[in-house]
Amino acid sequence: MCGISGILSRAGVTRERIGQITMALAHRGPDAQGVWVDAGATVGLGHTRLSIIDLSTDANQPFYSRDNRYVVVFNGEIYNFQALRNELSERHGVTFRTTSDTEVLVEAFAVWGKGAAGRLEGMFAAIIADQQTGKVYLLRDRAGKKPLFYFQSGTTLAFASEMKALLRDPEIRREAKINRDVFTTFLHLGYIPGPATIYENIFKFPAGHIGECDASLRIYARPYWQLQDHLSDVILTDAAQVKDTLRTLLHDAVAKRMISDVPLGAFLSGGTDSSLVTAVAAAQRSTPLKTFSIGFEESKFDESRYARAVAEHLGTDHTAYTLSEKEALGILETYLQHFDEPFADTSAIPTMLVSRLARQQVKVVLTGDGGDELFQGYGTYTWANRLDRPGMGLLRAPLRGVLKAAGTSRMERIGHLLASPLGSERSHIFSQEQYFFSQQELDTYANGFTPFRYQDATDSKQRFTAGERQALFDLEYYLRDDLLVKVDRASMYYALECRSPLLDHRLVEFAFSLDASLKVRDGRAKWLLKELLREYIPSALVDRPKWGFSVPLATWLKGDLRYLVERYLSPEAVATAGVLDAGYVKQLVKDFFGGKDYLYNRLWVLIVLHKWLHDNG
């Protein structure tokens, strides 16, 4: 894993300018740094290296193709680089100087051009400069695991792994304008979905795309992979056959992600996804796999005992750490600043701390990310199916009235969920399950409402249930712009590489070819994953309630974090930000402290936005 940067400018590029941007990414790559500027001083590339494959200095970047035509900076891993290396050598006569996947990437591009993108398997973001044509190419992996941002103006195109690097440049900082159009979307979802960012002229380069840039300073991007292009006409229903296929695909995905020239471990929460990935990985090793978990002093949020039980059964070398409230709150400010734009997912706090714990022993970890989206693990999928039942549209309003009259916090929360959505049903279900603002609230109380719109990315060849359409929404937005962002920033803050076997593109394509009954059966979510997990650990460790990787935020806001409510949700702060109606915010605060705990995330997402505007506006 690394940090990458690039500039294409009509005004010229200096080593100092690209170097300044690059050094803002030093935390992503502490092992080496390098910059390159072309002979015409119009293109510059920068790189900070976290050495994982081929630890020699020969693999440092920027890296040149053997004919010196192409120069690459690359962040991530190409898991099939050995197979590509063999093909390039045997069929195209390419000779290699290193054993790195970086060299395979640049030589693959030299041989196959833009067609190389679809041959790559892994997690990656790359910038490739063509010294012959002056063009610059951008690549990003299918799932969007590795980030790539770009700034665009009349004189400059600039790229970087994180926005903080772009904003280090004085010209970009001066021209970056806050994008108020995303405020209500952020309050609705808790993150800013791509390609937008908190700045009008900084964007997220889309996952699964390759882009071409030239002297016009425009980016011509096209997809090289889209899930809808890989959906089968045949829906798989045979449980035994499907289980065998899943076993093979997961074994191969884990094996590819265990290739490393540095120590490797796994995050283990004790939940289905991380336990299964850990079990498959442990079975492929001759020595105990190192595993890591974080627990909380508050038992309601602590699943570390399950992690210890799974680790003991699998024989891993397990390190567990119980986190105090003081420690968690101590990293709060770092979390809020490090993500560069408003980001309300507080599970970033334990993710940062478990990354710090793991980095003391390993440089690479496996994670269970993707299991919920692919195999129906969230409660939102159940709600989506319920709300899609015949006649439910007519019942929503009267049911909501009954629930509201009940007067309990839980019933009111469900009442919000039953409200007819303004715009996307998918985003409405997500936001209300997460306790964020609905689009109806924002339309009524926001000062300048910009609706979030989503078109179901389904394919005419296959009929999905409402729950599966909700999962597709999560795959395209929540996973890509929240969960994977969280994991990347939290882990790379400590120069730790995270690999996610369940997000192998073959597993993603396979999961959406399954009959829905193989994912949820008899009310049991992730049925297929759990059936496979039973081959490794006792059923008592499989059949347990789902826990999220969450923090006791409602408790904190009434205790040690109350000062944030008083500071950023005061009438003065609300008026200064000018985002929501002050009277409505005042009522929300009153209701929260009056016992309606479910409002905590509405308060939190507004605190995060107001604080960001205070610090950066």
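Every residue, even glycine, has its Cβ placed from backbone N, Cα and C.
The domain 'Glutamine amidotransferase type-2' annotation in TrEMBL covers 2-216.
In the three-state DSSP scheme, Cys2 (active site, for GATase activity) falls into the strand class. For Cys2 (active site, for GATase activity), the same-chain residues that are 6 or more apart in sequence and have a Cβ closer than 8 Å to its Cβ are Leu25, Arg28, Gly29, His47, Thr48, Arg49, Leu50, Gln61, Val73, Phe74, Asn75, Gly76, Ser161. Per TrEMBL, active site, for GATase activity is recorded for Cys2.
Under the three-state DSSP scheme, Asp101 (L-glutamine binding site) falls in the helix class. For Asp101, the entry in TrEMBL reads L-glutamine binding site.
Annotation comment: TrEMBL describes Ile294 as ATP binding site. Take the CB of Ile294 (ATP binding site) and look out to 10 A: across all protein chains shown you find 28 other CB atoms.
According to DSSP, Asp369 (site 'Important for beta-aspartyl-AMP intermediate formation') is assigned to coil rather than to any helix or strand. Taken from TrEMBL, the feature site 'Important for beta-aspartyl-AMP intermediate formation' covers Asp369.
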Length of the line joining the Cα atoms of Ile294 (ATP binding site) and Asp369 (site 'Important for beta-aspartyl-AMP intermediate formation'), in Å: 16
Asp369 (site 'Important for beta-aspartyl-AMP intermediate formation') to Asp101 (L-glutamine binding site): how many Å between their Cα atoms? 24
Could you tell me the mean pLDDT over the domain 'Glutamine amidotransferase type-2' (2-216), as a whole number? 95
